[in-house]
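The structure appears below as structure tokens.
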Amino acid sequence: MYVSRLQLQDFRIYRSLNLALPPGVCLFYGANAAGKTTILEALYYLATTRSLRASVERELIALEAAGDLGLPPFARLAASLQPQPEAEMQTIEIVLQRKFGADGDLAPTTSKTIRINKIARRALDLIGQLRVVMFAPQDLELVTGAPAERRRYLDVTLSQIDGRYVRALSRYNQVLTQRNGLLRTSRERGRAASEQDLAFWDEELAKAGVYVLRERRRAVTTLDQLAQRLYAEISGSDLDLRLNYLDTTPAHDVPSFQAALKQLRREERERGVTLIGPHRDDLSIQLAEREVGSFGSRGQQRASTLALRLAEAELMHSRTGDRPVLLLDDLLSELDQKRREHLLTTIVRPQQQTLITATDLDDFSPNFLSQITRMHVDHGLIFPA
């Protein structure tokens, strides 16, 4: 799969963009704040419905945006996808729109409209239409950050591979909110939630949670093997990079998940929160049996995150038969020459679309530059180089 065209309207710095993209490697270069990262962010948003940088979605809508015919301001993102060389072109689109409040002023909330081949669909239906793997400087948080970062890594990867996973995860989070609300309000009112109510939510949580757990464990088994090989190639080190899924319950089916919840009934009532499940799990990332985030050098941490991202791409390819689009955001400037050359060699593959951003061309060899498409970005304008 590759993205043949990207269209943006009032998305961050881009008032109007209609950009044709090549199927191979494309380098966007220019000064900081020129709009390079926004290209990658737009594709990531179209693939996952999540923003990499915005804390609230209204930040994605350009300040200068104006609605049509009295409508509130909106941003539009659309991409044309070529799944296979002989396959029919597909289109995906997101329209993100501000809302008017009761007083007629703009409210802080937004609405989101999603279309696939011009037909309105749900957000869950969009995920997996376009598969991407994002490499970014903040990827170090995968090994140094909180467990939520590593859970997100697994969830974003699996959601793009498996439509059932994204639905199970969504259902799990919905049930978790309801169950936590029941526990919390019961504690605040000093009145225990009924066993019947909790048993109902236990079963619903277990039904969704067991699938999430099973797929995460299965993915980590494969990612462990892939990342071990890739780390050795990237670093040239004989240290083993190992991944291990750290679950808060060993449950493998609905009854065992329910039993684990029931064992914690008293403590959960006292604390007003669900204490076990996929939302509490973690991913252990170790070199020579020591956590990379705590004991690894900066170089080891960076090589580990690269191995994780490349493993993510290989997992997507092996599960779907389709190579994801690779998005590399100003990453090469942080790598030494050896790792930079290895990464560039790795990503230049047939049927592998790769979009790279950089501030200048000094990080790339003349031979590499001769094989790719270059585009210069300057304050929201893009020029072929």
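Each Cβ is built from the backbone N, Cα and C atoms, and glycine gets one as well.
As recorded in Swiss-Prot:
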type    : residues                                               : note
BINDING : Gly30, Ala31, Asn32, Ala33, Ala34, Gly35, Lys36, Thr37 : ATP binding site
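Structural mapping of features recorded in Swiss-Prot.
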residue : record           : CB count, 10 Å
Gly30   : ATP binding site : 21
Ala31   : ATP binding site : 12
Asn32   : ATP binding site : 8
Ala33   : ATP binding site : 11
Ala34   : ATP binding site : 20
Gly35   : ATP binding site : 23
Lys36   : ATP binding site : 26
Thr37   : ATP binding site : 22
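According to DSSP, Lys36 (ATP binding site) sits within a helical segment.
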